[in-house]
Amino acid sequence: RHGAVKSEDTFKTSPFHFDLWFYFTLQNWVLDFGRPIAMIILPLEWFPLNKPSAGDYFHMAYNVITPFLLLKLIERSPKTLPRSMVYVSIIVFVMGASIHLVGDSVNHRLIFSGYQHHLSVRENPIIKNLKPETLIDSFELLYYYDEYLGHSMWYIPFFLILFIYFTGCFTPVEEESRMPMAALLLMGPSSLYYWYLVTEGQIFILYIFTFFAMMALVMHQKRKGLVLDSNGLFLFYSFIITLLLIAVWVIWLWNDKILRKKYPGVIYIPEPWAFYTLHMNNLHAAKESL
């Protein structure tokens with residue numbers, strides 16, 4: 001039963017989940033996007049560098065609340081979805097987000113010591129002069145756990161769960177294929193957060209693969225006379241707007257030679273925090289020197 005889809009499920013309807021999508025968007029902005037900001041703006045005396053920062057506590061809350069919201073979202077699907085895959089994905093998600101918590105905590109605290117995110121680990125002035133040199137390898141290992149292993153184990157199950165939920169967002173009733181005003185109001189903040197997630201997490205390949213899979217599913221279901229319901233439209237249009245925001249971001253920074261060096265290769269999508277440490281930090285320093 002766990003992996004099966006009931007035949008009658010196809011004809012069930014699901015109203016727009018304003019509460020869940022609102023909580024999702026709110027906690028994403030506050031607990032994910034807001035954690036490094038809280039770490040920077042709050043007085044350092046409150047959270048010494050050898051103790052967890054305010055952002056770390058935000059991250060801990062995110063690691064608990066997000067899996068709960070994902071499970072509630074799956075529960076509200078009008079179809080019976082593969083529960084075993086969902087549960088395994090949630091477990092891996094929590095593991096990846098927890099690994100990222102440790103690596104990200106140290107990496108962001110290094111900002112107070114002069115670490116520059118637009119440079120590689122070995123190019124950072126505070127790192128390349130470390131003695132013995134094997135310490136640099138340890139910082140590169142930390143960066144690997146933060147930016148590669150942690151992100152992969154965090155974001156792959158996250159997008160997988162969203163896609164699994166998306167597979168149940170189809171209805172044969174044309175009148176249900178429209179979004180209420182509440183969905184339209186949430187779409188902007190939701191899309192902007194996904195932009196931040198994709199660019200800062202450097203997961204464009206995962207995002208675009210998920211988006212193409214969603215497009216293929218929409219076209220396949222359309223041949224069967226099924227259309228997206230309000231929740232499916234909200235998720236699908238949010239991904240479309242996210243793609244447009246990423247395109248604008250890349251075009252804006254296309255000729256930035258320093259960021260080009262940090263992000264070589266065919267896919268050039270700079271991280272917002274790398275842009276901040278490169279340009280905004282310099283701007284703040286210039287203002288303070290006046």
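The backbone N, Cα and C atoms fix where each Cβ goes, glycine too.
Annotated in TrEMBL:
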TRANSMEM  20-42  transmembrane segment
TRANSMEM  57-74  transmembrane segment
TRANSMEM  86-103  transmembrane segment
TRANSMEM  154-173  transmembrane segment
TRANSMEM  203-220  transmembrane segment
TRANSMEM  232-254  transmembrane segment
Across 20-42, 57-74, 86-103, 203-220, 232-254, the most C-beta pairs under 8 Å with the transmembrane segment (154-173) come from 86-103
Same-chain residues at least 6 beyond the ends of the transmembrane segment (203-220) whose Cβ lies under 8 Å from its Cβ atoms: 151, 155-156, 159, 162-163, 166-167, 194, 197, 228, 235-236, 239-240, 242-243, 246, 267, 269
